[in-house]
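*Asks:* Submitted below is the structure of interest, expressed as structure tokens.
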């Protein structure tokens, strides 16, 4: 390979999602056919943010045919990921630019959610357009990015499928050793994953933030809905069941409710400023309150979280194909002079969409795709719940 070959740098940011390796493989194999050199930055922006070129080189791998040829079957990511955020300061952004220049990266592919894409674009804005092009492939099991034609984000189908299996087992367990399971499902702002798993498994109740019309909800609002379902089933002689709760309910709670969940302290946040919803222990707090209310009826309640075990599952066929197409689409976009764009799939075609076109003017962040509670799909899911 020529020393003058264009260099493609790839990194993953944010939480894992099934299919990350598929994007890496799809992009790498196509780039190698073009005669490019491909490198992977370990743990996202973590080492790039240091500005230490030697450190970055020590945490960079050459992506070759032998390394990536069969990884699209595998969950996780061979180049690891992190939530390091160069947008925290101009110094961090300049550190990233320094390292990209030192490694002669001409094409920069990031795989992640809106935070990762925003970070990549902010870095590129300080560089000449002929110096580097930036493309992002959107991923999240939350399925909350505003992709065209209601296209799902990659990893969602796999996460929903595995989540369904787990909840289906809990359904059998709840009946065999009578109890209620309160299942807290990942989903920072939207209820797509929780609703998808609940509907597919036939869970008795699912609560998502979108169905609450008020701007803020109280802890008691959620408690009372779950309590009503438990009592309704009890009236039919059924002292067991499964309720799925989107963790995004926490994001919509009032300050009073948040203080209750987080032990009378300010909610902790991640490097991007998002509340650490997992620390709220929503299902556990609800279980404790419901036992106070219903314990005298002999009701048993067990809290359960589903989330981390979904993120690195081997992708189902849909996601394996989808991610390979996204990887191809990223390289095709580079070849056609695109930058500051996301690769999306619409009507069977992969294409670039300018990142700025997906931003919410009010927040400057990528718009969140919420569950449409007026849709037939939501009505179908709801009609089979015990409400």
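Note: Cβ is positioned from N, Cα and C throughout, glycine not excepted.
So Swiss-Prot has the following annotated:
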BINDING   15  diphosphate binding site
BINDING   114  Mg(2+) binding site
SITE      115  site 'Important for catalytic activity and substrate specificity'
SITE      139  site 'Important for catalytic activity'
BINDING   140, 141, 142, 186, 187, 188, 247, 308, 309, 310, 311  substrate binding site
ACT_SITE  142  active site, proton acceptor
*Asks:* Name the residues of the same chain, 6+ apart in sequence, whose Cβ is under 8 Å from the Cβ of residue 139 (site 'Important for catalytic activity')?
*Replies:* 14, 17, 19, 20, 23, 111, 112, 113, 153, 154, 155
*Asks:* Between C-alpha atoms, which of these recorded positions comes nearest to residue 187 (substrate binding site): 15, 114, 115?
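*Replies:* Closest candidate to residue 187 (substrate binding site), judged by Cα separation, is 15.
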*Asks:* Counting other Cβ atoms within 10 Å of each Cβ, which of the recorded positions 114, 115, 142, 247, 309 scores lowest?
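*Replies:* Looking at the recorded positions 114, 115, 142, 247, 309, the Cβ with the fewest others within 10 Å is that of 309.
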*Asks:* Measuring C-alpha to C-alpha, could you say which of the recorded positions 114, 115, 140, 247, 309, 311 are within 10 Å of residue 15 (diphosphate binding site)?
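*Replies:* Matched recorded positions: 140, 311, sequence order.
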*Asks:* Using a 10 angstroms cut-off on Cβ to Cβ distances, just flag whichever of 15, 187 is the loneliest among these binding-site residues.
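*Replies:* Taking 15, 187 as the binding-site residues, the minimal 10 Å Cβ count falls on 15.
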*Asks:* Roughly how many Å lie between the Cα atoms of residue 140 (substrate binding site) and residue 114 (Mg(2+) binding site), rounded to a whole value?
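*Replies:* With distance taken Cα to Cα, residue 114 (Mg(2+) binding site) is 9 Å from residue 140 (substrate binding site).
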*Asks:* Could you measure between residue 142 (substrate binding site) and the residue listed as 'Mg(2+) binding site' for me? Cα positions, answer in whole angstrom.
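*Replies:* Cα-Cα, rounded: 12 Å.
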*Asks:* Of these binding-site residues, 140, 311, which scores lowest on Cβ atoms within 10 Å?
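*Replies:* Checked 140, 311; of these binding-site residues, fewest Cβ neighbours within 10 Å: 311.
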*Asks:* Assuming the binding residues for substrate are exactly those in the record, 140, 141, 142, 186, 187, 188, 247, 308, 309, 310, 311, what is the maximum CA-CA distance in angstrom, rounded?
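*Replies:* It comes out at 16 Å between the most distant Cα atoms.
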*Asks:* Fill in the CA-CA distance, residue 311 (substrate binding site) to residue 114 (Mg(2+) binding site), as an integer in Å.
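*Replies:* One finds 17 Å between the Cα atoms of these residues.
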*Asks:* Could you tell me the C-alpha distance between residue 309 (substrate binding site) and residue 115 (site 'Important for catalytic activity and substrate specificity') in angstrom, no decimals?
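*Replies:* Their Cα atoms are separated by 22 Å.
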